[in-house]
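Before any comments, here is the structure.
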Amino acid sequence: MNRAPATLSHALTRVTEAALGPYQSAVIRIGFALTWLLYLLREFPYRQELYGPSGPWSLAMVRRLTGDNHAFTALTWVNGQPWFEFCYALAVLAGAALLVGWRTRTASVLFMVGVVSLQNRSIFIGDGGDNVLHLMSIYLVFTRCGQVWSLDARRAARAAAARARGERVRADRTGPALWAVLGLALVTATATGRLFGNSWLIPALLWAVWAALGLWWLVQRRARSDEPRILLDVIANVLHNGALVVIMAEACLIYATAGWYKIQGSRWQDGTAVYYPLHLDYFTPWPGLAGLLSASATMLTIVAYGTVTVQVAFPFTLFNRRVKNVLLVLLILEHAVIAVALGLPFFSLAMITADAVFLPTSFLLRIGRLAARARGRFVREGGGTVPAPRSPEESTSGHVGFTA
Amino acid sequence: MAVGVGVHLLMVFLSVAPPNAVSKQHGKAVEAWVFPEFEQNWKLFAPNPLQQNIAVQVRAEVRMKDGGLITTGWTDLSAQDGAAIHGNLAPSHAQQNELRRGWDFLTATHTDDNRPVGMRGALSEDYLRRIVVLRLYRTDPTSRDGVIQRVQVRSRTTNVQPPSWSDEQVPDKPYYRELPWWTVRADEAAGGVR
């Protein structure tokens, strides 16, 4: 009779004492940031047409639509070209900062503002990939996704090593400065009535994160006892773990919806479904490849049935590690083929990233070691003076689980 | 926190599930929660993939420098998109989505006899007109020499022919949907992105 409460308290301890899945949350941070960054760079020559103030979907039209659907976008705050260019550049920088894990929490907030602003400004030019990024950019804000494989983690490890050697660590100046600048921006945007002018959810989130970061800094520096620090840590861990659950559930929902609706389709039943997208003019960058892929009736049927089976089955296989991993490989492979065959690289990269949240830690660690070794070789050949990279475990010891 | 996660996931689930007793009863609450920032549609190629190529074509009435009025032939803008996508590892959204989804937006907000429905119907006409004017000034020689006065848009729908091993028969004659002529506003003709 005592087992249930014991299990419950064990679970409670787990979700409060640590931000789980440090490598998984880092890999999705890197993946989504990379997808968005590559997308923005690819669209740079087309940015005026897609998002610019004088594009076909003009600012006046944006205002009429967002006034009706109350979607958040910073791009309507100021008219004119300079504001747009500033926002686009900021979106690129936020993507880069999140990719390398520089001031990760702040970067994730700015990343979300960039993604949501650009997408909500021009909702009719996006596709499924944009939709994935949109949701994930919001969820990522709640995660501690910079615990490993980030500049933040490296900085923290160096500070800890210096402290261990008995050296004094210089107080961080960049963080408070960044916080002050963003605070000024928030005050300005709020006071001029722009921030909350059309929506409340994202603006409220921005203020909440800003306030929390301030509180965090204050407690780290000034608190006399350990308790406030531990309390904030617990809250951050619970938020992180909750967000990670949402991210995983969202990925399952994507596959479940896609799979269960396909089952009802006659083309998926007769096995020709895959043939048709491969013959749509908007999705055949390589007609020769499309022809090759759709040459065999048997192959097409196997792929159609396989796709539906894997998509429907995926959420249930999470209960079995080995089967889950096999399905993950299949899903990632399929998205890699879609990237090329249907000309949807950004959609595919976003989906592969969503899949990556389910990759086993041991596999991610192996990838991390390979990357570190490759980098070490590269840096040494370059004759650089950068110190040899730490292995992931080394650089994160003491940061993965807060056991205070 | 657990409650928050549970409620959010339930709301999102109800928004993607088929209409059911629960979602009918609480549709307003689900909508209020999910829109606008958590909207999603994952019916990717489902229940059936699109089996038609829909091309958007346009012709224009152009005032030339000598004062004459010329009506151009039809320009297939989707064919231009297709050519740009051909052999492209990373097609731009401007090539793959802009016109295609612009047309979807228009058909979703218009009656079968091409009358706009509500604000979105009107917006979709403005949007599509601005897209085609932009494209014409960029690529159509006649339009580049003069000033576009009016444009007409039509869609050309062709069935994708079934695979060679299939004994299915589908008509291969294209189907046209022609919209009324639209007047191009003076500021549109002069400005915009080129």
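Glycine residues also receive a Cβ, built from the backbone N, Cα and C atoms like all the rest.
Lifted from TrEMBL, the feature list:
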DOMAIN    A:17-363  domain 'HTTM-like'
REGION    A:382-404  region 'Disordered'
TRANSMEM  A:20-41  transmembrane segment
TRANSMEM  A:83-102  transmembrane segment
TRANSMEM  A:177-196  transmembrane segment
TRANSMEM  A:202-219  transmembrane segment
TRANSMEM  A:231-258  transmembrane segment
TRANSMEM  A:289-314  transmembrane segment
TRANSMEM  A:326-344  transmembrane segment
Residues of the parent chain within Cβ reach of the transmembrane segment (A:231-258), under 8 Å, 6 or more residues beyond its termini: 15-21, 24-25, 28, 132, 135-136, 139-144, 215-216, 219, 310-312, 314-315, 318, 331, 351, 354-355, 357-358, 402, 404
Contact yes or no, the transmembrane segment (A:289-314) and the transmembrane segment (A:177-196), 3+ Cβ pairs under 8 Å, gap 6+: no
Within-chain partners of the transmembrane segment (A:177-196) [C-beta distance under 8 Å, separation at least 6 from its ends]: 74, 77, 103, 106, 203, 206-207, 210, 213-214, 217
